[in-house]
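Peer 1: The ATP binding site feature in TrEMBL is assigned to Lys8, Thr9, Ala10, Ala11, Arg12, Arg137, Leu138, Gly139, Tyr140, Gly141, Ala142, Gly143, Tyr144, Tyr145. What TrEMBL lists as substrate binding site is Glu62.
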Amino acid sequence: MGTLPLDKTAARAEARAVRDALTDPTLRADAARAVRDRVAALGIPEIVQGGCVGGYWPLGSELDVRPAMLHLRQTGCALALPVSGPRGTALTFRDWDPDAPMATGRYGIQEPGADRPVVQPRALLVPLLAFDRRGGRLGYGAGYYDRTLAALRAGGPVLAVGVAFAAQERDAVPCDAHDEPMDWIVTERETLRFGG
Ligand SMILES: Nc1nc2c(c(=O)[nH]1)N(C=O)[C@@H](CNc1ccc(C(=O)N[C@@H](CCC(=O)O)C(=O)O)cc1)CN2
Ligand SMILES: Nc1ncnc2c1ncn2[C@@H]1O[C@H](COP(=O)(O)OP(=O)(O)OP(=O)(O)O)[C@@H](O)[C@H]1O
């Protein structure tokens, strides 16, 4: 396991290359199923108590959390997906109906259509480029998730579950004061818990 450069831009390029190298479709599908089962064991429906869970539509080489989201739906959680506004703003979340047509948003990411209701998730599955054992998380560098978690958490607790391939772990990920803490990080190999 490598140490990332302290400079976040260099760290991102290196972390992205590591994730992009995970091309084996069997490994990727097995990881998505293992993460589904680990997420299922976290007791999210009890934590959100009828509230909804925000996931993400996979982008590039990210781990596909749709199997985990569909499992959460079967156990009674409403689901939402992020809608990206301009850089420097928090994400908004719209209710995701897997049977409804999707729209193409900023960065080419699939999003729920503008007709879907805006919701305030009580738990988020958070994509990342790299993580460490202390709960450090490196994102895409636009600050979307840090702003989003800060805004949502101003209204009450929001569970943050970082999701990654185990290969995305590094000895130490550079962190800043504004980085919002993860409560859990789930990979295909393990479930890490931070804080209380
Ligand atoms: N699946 C997924 N959805 C997500 C995120 C994510 O990380 N993963 N986000 C997490 O924040 C938000 C989108 N954030 C993004 C932030 C930066 C870039 C970006 O800079 N992409 C290209 C440039 C593409 C372009 O400008 O058209 C790049 O990396 O160079 C993309 C998405 C919301 N939705
Ligand atoms: N809560 C916040 N309020 C204002 N600015 C913020 C906040 N969180 C992050 N930022 C700003 O956003 C930019 C990107 O932050 P950072 O490098 O930590 O992103 P990241 O954690 O990689 O990305 P993300 O949070 O989107 O996954 C920085 O300029 C940072 O100052």
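Just so you know, glycine gets a Cβ as well, placed from its N, Cα and C.
TrEMBL annotations: computationally assigned, not manually curated.
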Peer 1: Taking ligand 1 as the reference and 6 angstroms as the Cβ limit (strictly under), which binding-site residues among Leu138, Tyr140, Ala142 are close?
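Peer 2: Within range of ligand 1: Tyr140, Ala142.
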Peer 1: Ranked by the number of other Cβ atoms within 10 Å of their own Cβ, which of the binding-site residues Ala10, Leu138, Ala142 ranks first?
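Peer 2: Of Ala10, Leu138, Ala142, the one with the most crowded Cβ is Leu138.
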Peer 1: Helix, strand or coil at Ala142 (ATP binding site), per DSSP?
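Peer 2: Once the DSSP labels are grouped into three classes, Ala142 (ATP binding site) ends up as coil.
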Peer 1: Could you state the CA-to-CA distance between Ala10 (ATP binding site) and Glu62 (substrate binding site) to the nearest Å?
Peer 2: 19
Peer 1: For the binding-site residues Tyr140, Tyr144, which Cβ has the most other Cβ atoms within 10 Å, all shown protein chains included?
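Peer 2: Of the binding-site residues Tyr140, Tyr144, the highest Cβ count within 10 Å belongs to Tyr144.
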Peer 1: Does DSSP put Glu62 (substrate binding site) in a helix, in a strand, or in coil?
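Peer 2: Where Glu62 (substrate binding site) sits, the three-state DSSP reduction gives coil.
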Peer 1: Among Ala10, Arg12, Glu62, please name the binding-site residues whose Cβ is nearer than 6 Å to ligand 2.
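Peer 2: So the answer is none.
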Peer 1: Which whole-number value in Å describes the distance between the Cα atoms of the residue listed as 'substrate binding site' and Arg12 (ATP binding site)?
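Peer 2: Cα-Cα, rounded: 14 Å.
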Peer 1: Excluding near sequence neighbours, so keeping only residues 6 or more apart in the same chain, what lies with its CB under 8 A of Lys8 (ATP binding site)?
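Peer 2: Listed in sequence order: Leu138, Gly141, Pro174.
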Peer 1: Determine the C-alpha span of the ATP site listed in the record, that is the greatest distance between any two of Lys8, Thr9, Ala10, Ala11, Arg12, Arg137, Leu138, Gly139, Tyr140, Gly141, Ala142, Gly143, Tyr144, Tyr145, in Å to the nearest whole number.
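Peer 2: Binding-site diameter by Cα atoms for ATP: 20 Å.
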Peer 1: If one looks at the chain holding Arg12 (ATP binding site), which residues at least 6 apart in sequence have a CB under 8 angstroms from its CB?
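Peer 2: Sequence-distant Cβ neighbours: Leu129, Leu138, Tyr140, Gly141.
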Peer 1: Measure from the Cβ of Glu62 (substrate binding site) and count the other Cβ atoms within 10 Å, all protein chains considered.
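Peer 2: Neighbour count, Cβ to Cβ under the 10 Å cut-off: 19.
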